[in-house]
Amino acid sequence: MDTERLEITEKNIDHAGEIIRRGGLVAFPTETVYGLGANALDADAVRSVYEAKGRPSDNPMIVHIAEMGQLADMASEIPAVAVPLIQAYWPGPITFIMKKAEGVPMVTTGGLDTVGIRMPLSEAARDLIRAAERPIAAPSANRSGRPSPTRYEDVLEDMDSRIDAVLLGEDCEVGIESTVLDLTGEVPMILRPGYITKEMLEFTLGSEVKYDPALFVDPMHRSEGEEFHPKAPGMKYRHYAPKAEVKIIEGDDDAAVEREIEEQLRLCKYARQKAVALNYGRDSKAAAKDFFARLRELDREDVDVILVRALPEEELGFSVMNRMLKSAGYDVIHV
Ligand code: TXA
Ligand code: MG
């Protein structure tokens, strides 16, 4: 199929909304990463998203809404703790897990009785949802296992001729996927860290927020037979993986880290490997915005090894390191 390239105009958004209504697939910008959207209430349309991504169908999708009125159609129960969080962070880069309403097809939630719901900040995204007149189920618009797309060129790299249309929006401002916060337990639990951090959420609530303990487990180094059970099913797949080998260089002493990067670059040169270092210093925001796009760019340049300087693992740095560690398969050099 020919994938339509649609500039962001009122007419094109209406057209894209029509594609969604008739069961088609439209990739669209959000403030986090590009999403691959389908009518969340149409089981067949949602199935075709899994197909286009090459994604296992037990992986639940996030349902995107544009108006508060749509929340009650998606969730059977809105927990009290959700109220201040929604007020503080929607529209924005955070997904809340709630008990699903009956009308949400099981294929949308990967067979779970809960649903992830997000109201994106991106105007283009909310305009599309309004034009579709339905909530839009959307995973990130990458082929399964590839880095999430933060520019429309990256969407086309993975999805050209596999989907109906792409909205040609801006590059994504945040650059990593939304925080996923489970509100179905006694204490809110972060299943996927993102731009909205644990510290921010605790400040808003004035009470404790937990991390899914699985976020701290290195699945690569577990003994055989042990299973890896993150609560967000999507977190268990090999993720964000470029073709190049990624290594993280971690340490508190700046000079020692720089020396190790130089040393590694030299070793790669001897081995006739093309190597590049990514050093964002302590700037987690810049790293979030750049990292996925940079991995794709280095793949196009046929780089063999990418050396990534670790970020301080606090606040946004923790969220970005979660992606960096996964892309590296947890290969870390401590200096
Ligand atoms: O920023 C984002 O969240 C982007 C944009 C497009 O909104 N979307 C995105 O979707 O990253 P996706 O499918 O790539 O990741 C969704 C994550 C997965 O890890 C999935 O397992 C988790 O959210 N998730 C969704 N619904 C869930 C549920 N009911 N229970 C637990 N985890 C859920
Ligand atoms: Mg994804």
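Here the Cβ of each residue, glycine as well, is placed from N, Cα and C on the backbone.
Going through His64, His229 against TrEMBL, the one listed in the L-threonine site together with Thr32, Ala138, Ser178 turns out to be His64.
Highlighted here are the binding-site residues (Asn59, His64, Ala138, Ser140, Arg192) whose C-beta falls below 6 Å from ligand 2: Ser140, in sequence order. The 10 Å shell around the Cβ of Thr32 (L-threonine binding site) contains 30 further Cβ atoms across the protein chains shown. Arg55 (ATP binding site) has a Cβ environment of 21 other Cβ atoms inside 10 Å. Taking a Cβ cut-off of under 6 Å from any atom of ligand 1, the binding-site residues Thr32, Arg55, Thr114, Ala138, Ser140, Tyr240 reduce to Thr32, Thr114, Ala138, Ser140.
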